[in-house]
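As structure tokens, the structure follows; a few thoughts come after it.
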């Protein structure tokens, strides 16, 4: 058995064991569905919501905000990092900013965002952008810093300066680090978006998956809460293995930049 198949078999086995334990423990221990419903109950709720459309409405609300926030965060991070490699002393500025703001949980600025923008989508997008921009900047900085000076010299000898040098030399060479930053930034953003919806949705009367989880919790619908958690996990797996892995395999892996 080759290594990829072996790894996949281990992962499937672990997931199967978790699902089996989740299904059997509540039944054997005769736990109340409010405490811990079986796996099948959560799947049943998830299926019902998929059929009546509420699942897709919640996903659309969450993902529309997420895509805009992540896209804007990536753009800001790359432009900011590129500028710091062009402007003298810019690297120290970026390192200081990342050191100040990267440890700060993005959800902590939600009250400030609500004060600035009220109960609007801009508040949510600001929080998502904040969750992405520092992790992405850190990885972009690491990628730009590892580029061999000879490559930069070649670019300059060809007449490349400023943004053209960044786009033609720095960006392609740093792509593995940028993809790594995208993975980290996406994970931070997805968690932050759901957490913010729990607060923003409760206060503003709207939201996506996080808001639905809040409603289920208030109604003691534990099966619905777990259905929401399953949705979060499934979306995360889809993005990780269906989108990010595909991008990686068709770019840096195909080009031999990573093993």
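Any Cβ shown, glycine's included, is placed from N, Cα and C.
Remember, TrEMBL labels are computer predictions, not curated facts.
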Correct range for transmembrane segment (source TrEMBL, candidates 165-189, 190-214): 165-189
Stretch with greatest number of CB pairs under 8 Å, the transmembrane segment (125-144) reference, 55-88, 100-119, 165-189 candidates: 55-88
Beyond the flanks of the transmembrane segment (55-88) by at least 6 residues, Cβ under 8 Å: 46, 49, 94, 121, 124-125, 127-134, 136-137, 140-141, 144, 162-163, 165-166, 170-171, 178, 181-182, 185-186, 189-190, 193-194, 197, 206-212, 231, 235
